[in-house]
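K.L.:
Straight out of Swiss-Prot:
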- 1-24: signal peptide (SIGNAL)
- N47: N-linked glycosylation site (CARBOHYD)
- C48-C91: disulfide bond (DISULFID)
- C52-C95: disulfide bond (DISULFID)
- N82: N-linked glycosylation site (CARBOHYD)
- N105: N-linked glycosylation site (CARBOHYD)
- C134-C190: disulfide bond (DISULFID)
- N153: N-linked glycosylation site (CARBOHYD)
- N158: N-linked glycosylation site (CARBOHYD)
- N176: N-linked glycosylation site (CARBOHYD)
- N187: N-linked glycosylation site (CARBOHYD)
- 224-248: transmembrane segment (TRANSMEM)
- 249-275: topological domain 'Cytoplasmic' (TOPO_DOM)
Amino acid sequence: MSSFGYRTLTVALFALICCPGSDEKVFEVHVRPKKLAVEPKASLEVNCSTTCNQPEVGGLETSLDKILLDEQAQWKHYLVSNISHDTVLQCHFTCSGKQESMNSNVSVYQPPRQVILTLQPTLVAVGKSFTIECRVPTVEPLDSLTLFLFRGNETLHNQTFGKAAPALQEATATFNSTADREDGHRNFSCLAVLDLISRGGNIFQEHSAPKMLEIYEPVSDSQMVIIVTVVSVLLSLFVTSVLLCFIFGQHLRQQRMGTYGVRAAWRRLPQAFRP
């Protein structure tokens, strides 16, 4: 055997002795579901499995309550209960001394069950501003929530919320608008959409009850002057007609009763109507 062949054989034997697992297949760990959104205090069934034929050890790591429902050599089925907050479940298996793991992300949500719309003020003059406010109590996660404000079928405003927003607070969206003549015939409403598709959940929607504005035309200064003048003239005519009727009545009475009767009537006349 040549020296080159001898060296090649030596290297091959060394590799077999020092690296016995170099040809060993890499195994995988799977978890079902990979992600899911649940309501508070819910329970969830989780399946952990592996491609390793004879795993040495395996299981599910979580701080929540768990029960092993069933198992075989390559899989374990658990019930996780009392889920009250977002959490990560970790499935793991060890095969030939090597450990692999896979995580399942669980999100806790509360859907929008009540959407409250407020118009302030409800009586608005044409051209004046008013505020539309939408409130949704106790909804989470807020970063998956969007509030839409509508005037009829027109979207006036949409409001999203960042991840930094605290959970289980009241979500609020406001929008300032200017009233026009047609607003008195339009419905205002709010739509809350909680989109949990990216978290392994569904889309939840809730509408507010529709509200309407009372719209009126503002009175200009010149119109106000005309109204005040007309009212003053009418009031003066009314007072004058009352005085004329009184004087005419007393004149007729004087003709019937004489001077004495007129003087007596004059004394009975209130001071306000005397010249």
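Glycine residues also receive a Cβ, built from the backbone N, Cα and C atoms like all the rest.
Locate each feature and note its surroundings.
P.N.:
According to DSSP, N47 (N-linked glycosylation site) sits within a strand segment. Taking the Cβ of N47 (N-linked glycosylation site) as centre and 10 Å as the limit, one finds 17 other Cβ atoms among all the protein chains shown.
Taking Cβ-Cβ distances under 8 Å and a sequence separation of 6 or more, the neighbours of C91 (disulfide bond) in its chain are V29, H30, V31, V46, C48, S49, G58, G59, L60, E61, K76, S101, M102, N103, S104. DSSP assigns C91 (disulfide bond) to a strand.
Residues within less than 8 Å, Cβ to Cβ, of C95 (disulfide bond) and separated from it by at least 6 positions along the same chain comprise F27, T50, C52, Q54, P55, E56.
In the three-state DSSP scheme, N82 (N-linked glycosylation site) falls into the strand class. Cβ neighbours within 10 Å of N82 (N-linked glycosylation site), excluding its own Cβ and spanning all shown chains: 11.
Under the three-state DSSP scheme, N105 (N-linked glycosylation site) falls in the strand class.
C134 (disulfide bond) falls within a strand when secondary structure is assigned with DSSP.
According to DSSP, N153 (N-linked glycosylation site) sits in a coil region rather than a helix or strand. Non-local neighbourhood of N153 (N-linked glycosylation site): empty, since no residue in the same chain at least six residues away has a C-beta under 8 Å from its C-beta.
Annotation for N158 (N-linked glycosylation site): same-chain Cβ neighbours under 8 Å, separated by at least 6 residues, are T146, L147, F148, L149, A173.
Taking a C-beta cut-off of under 8 angstroms and a sequence separation of 6 or more, N176 (N-linked glycosylation site) has the following same-chain neighbours: S129, F130, T131, I132.
Other Cβ atoms within 10 Å of the Cβ of N187 (N-linked glycosylation site), summed over all protein chains shown, number 14. DSSP gives N187 (N-linked glycosylation site) a coil state; it is part of no helix or strand.
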K.L.:
Can you grab the distance from C134 (disulfide bond) over to N47 (N-linked glycosylation site)? Cα atoms, rounded to a whole Å.
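P.N.:
Rounded to the nearest whole number, the Cα-Cα distance is 42 Å.
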K.L.:
Rounded to a whole number, how many Å is the Cα of N47 (N-linked glycosylation site) away from the Cα of N105 (N-linked glycosylation site)?
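P.N.:
About 13 Å separates the two Cα atoms.
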K.L.:
For N105 (N-linked glycosylation site) and N82 (N-linked glycosylation site), what Cα-Cα distance in Å is obtained after rounding to a whole number?
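P.N.:
Cα to Cα, N105 (N-linked glycosylation site) and N82 (N-linked glycosylation site) are separated by 15 Å.
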